[in-house]
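Look at Swiss-Prot and you will find G13, M14, S15, G16, A17, G18, K19, T20 tagged as ATP binding site. Annotated GTP binding site per Swiss-Prot: D63, L64, R65, V66, in sequence order, evidence recorded as sequence analysis.
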Amino acid sequence: MAEQKKQLLIVTGMSGAGKTVAIKALEDMGYFVVDNLPPELLGSFWELINNSSDFSKAAVVVDLRVKSFYKDLVDEIKSLEDSQNVQSTVLFLDASDDVLVSRYKETRRLPPLAHTGRLLDGIQEERNILSRTKNISNIIIDTSHLSTKELKTKLVDKFGDNRTRTFSIEVMSFGFKYGIPIDADIVMDVRFLPNPFYIPQLKPFTGLDRRVFDYVMSKKETKEFYAKFLDMLETAIPGYIAEGKEKLTIAIGCTGGQHRSVSIARQLAVDLAKKYPVDISHREISRYIGQ
């Protein structure tokens, strides 16, 4: 079986066209990313990646420093094409002059070649230098009318894989007395629900026990709350997915994380799993099991 070629993505383009957004998006997709790599080191970088089993895909972001910089980049890219183990793609990010001027004014920064302080002169000089690189690029994305979210979506569509596009949910129960989970995206306080703690026959058990679960979920207050909570989540989750979120953590909390939060988390995981991949965890459960 032929050895699968490793992927090398070379990201370049106009300053202010979105390379910073591209870095973050590619890292989220599992790329090993190096920013501002000098072109003369491209071959050495690829040799390092190609000889390592830790990286299956890598990206380099090349920044304009001097006028000869991009001449070197094109030469290095062409030399890489002779390698039998490299599958390289050149991504060029572009934007119109007026959009770039507007972006620079918002950030109060100057293009790298705006030596006289004139924005448009610096942009036009950079565009002239980059023309050769743009001509050899495999993919050109004009970001003039793209939001950060839209650019990220385009990058995921072009360079992501099925794994990176998978959205998943973690449902966890916890006890407020032990602190709110710092990684939670949504925190729901269910301390207002009827508490099995005050039922002697149920107090020793947890929401993993059928008796406790049935007690919590059968209450009128629970039914009314849960129906609205589930409806809210089913409305909100598609929005999280549209924003590019890959994992949503929903934390359900009661006083000690023993009865109510565990019961609600169990039911929520079952219902959300009908549409999405769901993992469930009970942060405090070890405090009560085996007592």
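Heads up, the Cβ atoms here are built off N, Cα and C, so glycines get one too.
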Sorted by sequence, non-G13, M14, S15, G16, A17, G18, K19, T20 residues with Cβ within 8 Å of centre, ATP: L93, A95, T143
For G13 (ATP binding site), the three-state class that DSSP assigns: strand
L64 (GTP binding site) versus G13 (ATP binding site) - Cα distance in angstrom: 9
Candidates G13, G18: member of the binding-site residues with the richest Cβ shell (10 Å): G13
L64 (GTP binding site) as reference: those binding-site residues from S15, G16, A17, G18, K19, T20 with C-alpha within 10 Å of it: S15
Sparsest-packed among the binding-site residues, when each Cβ's other Cβ atoms within 10 Å are tallied, from A17, L64: L64
Nearest-integer angstrom distance between the alpha carbons (Cα) of S15 (ATP binding site) and D63 (GTP binding site): 8
For K19 (ATP binding site): DSSP state (helix, strand, coil): helix
